[in-house]
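**Student:** I'd like to ask some things about the structure below.
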Amino acid sequence: MESPNHTDVDPSVFFLLGIPGLEQFHLWLSLPVCGLGTATIVGNITILVVVATEPVLHKPVYLFLCMLSTIDLAASVSTVPKLLAIFWCGAGHISASACLAQMFFIHAFCMMESTVLLAMAFDRYVAICHPLRYATILTDTIIAHIGVAAVVRGSLLMLPCPFLIGRLNFCQSHVILHTYCEHMAVVKLACGDTRPNRVYGLTAALLVIGVDLFCIGLSYALSAQAVLRLSSHEARSKALGTCGSHVCVILISYTPALFSFFTHRFGHHVPVHIHILLANVYLLLPPALNPVVYGVKTKQIRKRVVRVFQSGQGMGIKASE
């Protein structure tokens with residue numbers, strides 16, 4: 001295992017310690033990390049392939065799902081390889097530039113995902129409350145604009161963070177008590193005035209999470225109100241089932257993120273390893289569960305996946321004959 005000692009004298013290198021106090025369990029913790037990472041890759045690639053090859057799924061809700069899967073894959077690539085290197089080999093050394101890049105991409109992807117979840121909530125609102133105008137409101141052009149807006153919004157909101165970090169001096173330890181270059185974990189190492197970093201990080205996070213959650217909640221409240229007015233029990237059950245899968249994804253995505261966000265800033269009595277475990281949960285769990293939730297709830301995706309496996313088994317039987 002590598003030693004972080006030389007990071008005290010080399011200002012261009014940081015050392016990601018992992019989970020303080022649980023170093024002896026790093027190897028065991030790598031098992032769920034590896035499992036979630038594998039599930040993320042397999043599940044989200046499956047979603048992308050199924051939607052791409054099934055013309056009936058070329059609809060706004062599934063295009064938004066593809067955006068979500070793409071973001072989840074990119075976020076996983078930004079975190080899981082380094083996390084496993086830390087847990088398996090203690091390879092926590094990371095250059096300052098790589099640390100800033102990881103920080104930017106991780107937080108930007110989280111904000112992009114929040115934007116896509118908001119778009120999916122709006123999609124359900126239009127489908128349920130304005131079904132006759134659905135095709136005219138959510139056109140291919142509008143969907144493309146929403147995708148671009150998600151990328152631009154996440155990138156622009158996070159762009160100042162690397163520059164705000166770059167102006168700081170790290171005159172003491174360069175050992176980051178975390179598994180990845182989380183903004184506040186790096187800021188805590190700096191000596192000097194870190195108020196601009198703290199204020200900007202808090203403002204950006206609350207702006208995105210606060211606005212998005214309010215709009216998502218409003219969309220689903222209006223959708224639920226419209227669903228309960230439906231006279232057909234079958235239509236009501238179908239609409240509630242679709243919205244239910246979306247609400248599950250919202251809860252999976254935002255609950256650990258909010259808990260981690262507020263305990264990291266205000267829960268000073270909470271042990272450090274709890275902060276870091278929660279931060280890893282909200283990065284690793286949603287990307288792995290999103291495909292499962294949508295795959296189970298969406299009949300078209302489920303049928304397509306079963307068909308692919310059945311055709312694969314059929315080819316295997318023919319080959320053996």
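Backbone N, Cα and C atoms are what each Cβ position is placed from, and that goes for glycine too.
Straight out of Swiss-Prot:
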- C99-C191: disulfide bond (DISULFID)
- N5: N-linked glycosylation site (CARBOHYD)
- 1-27: topological domain 'Extracellular' (TOPO_DOM)
- 49-56: topological domain 'Cytoplasmic' (TOPO_DOM)
- 78-101: topological domain 'Extracellular' (TOPO_DOM)
- 123-141: topological domain 'Cytoplasmic' (TOPO_DOM)
- 163-198: topological domain 'Extracellular' (TOPO_DOM)
- 220-239: topological domain 'Cytoplasmic' (TOPO_DOM)
- 261-275: topological domain 'Extracellular' (TOPO_DOM)
- 297-315: topological domain 'Cytoplasmic' (TOPO_DOM)
- 28-48: transmembrane segment (TRANSMEM)
- 57-77: transmembrane segment (TRANSMEM)
- 102-122: transmembrane segment (TRANSMEM)
- 142-162: transmembrane segment (TRANSMEM)
- 199-219: transmembrane segment (TRANSMEM)
- 240-260: transmembrane segment (TRANSMEM)
- 276-296: transmembrane segment (TRANSMEM)
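On this model, are these features tucked inside or out on the surface, and what's nearby?
**Tutor:** Annotation for C191 (disulfide bond): spatial neighbours L168, N169, F170, C171, Q172, criterion Cβ-Cβ under 8 Å with sequence separation of six or more. Taken residue by residue with DSSP, C191 (disulfide bond) is part of a strand.
Model confidence over the topological domain 'Cytoplasmic' (49-56) stands at 86, taken as the mean pLDDT rounded to a whole number.
Long-range Cβ contacts of the topological domain 'Cytoplasmic' (123-141) within its own chain (Cβ-Cβ under 8 Å, at least 6 residues beyond either end) map to 60-61, 64, 219-220, 222-223, 226-227, 239, 242-243, 246.
Taking H, G and I as helix, E and B as strand and the rest as coil, DSSP gives the topological domain 'Extracellular' (163-198) the counts 13 helix, 4 strand, 19 coil.
Sequence-distant contacts of the transmembrane segment (28-48) (same chain, six or more residues past either end, CB-CB distance under 8 Å): 19, 22, 65-66, 69-70, 72-73, 76, 80, 83-84, 87-88, 280, 284-285, 287-288, 290-292, 294-295, 301, 305.
Residues 60, 63-64, 67, 71, 100-101, 103-104, 107-112, 115-116, 119, 183, 197, 200-201, 204, 207-208 of the same chain lie 6+ residues outside the transmembrane segment (142-162) yet bring a C-beta within less than 8 angstroms of a C-beta in it.
Below 8 angstroms of C-beta separation, residues 111, 114-115, 117-118, 121-122, 124-125, 157-158, 160-161, 164, 183-184, 187, 250, 254, 257-258, 261, 265 of the same chain, each at least six residues beyond the ends of the transmembrane segment (199-219), sit close to that stretch.
Same-chain neighbours of the transmembrane segment (240-260): 110, 113-114, 117, 120-121, 124, 128, 209, 213, 216, 220, 223-224, 227, 275, 278-279, 281-282, 285-286, 289-290, 293-294, 296-298, counting only residues six or more beyond its ends whose CB sits under 8 Å from a CB of the stretch.
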**Student:** Using DSSP, what is the helix/strand/coil residue split across the topological domain 'Cytoplasmic' (123-141)?
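**Tutor:** Looking at the topological domain 'Cytoplasmic' (123-141) with DSSP, the answer is 16 helix, 0 strand, 3 coil.
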**Student:** Using all protein chains in view, find how many other C-beta atoms are within 10 Å of the C-beta of C99 (disulfide bond).
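**Tutor:** For C99 (disulfide bond), the count of other Cβ atoms within 10 Å is 22.
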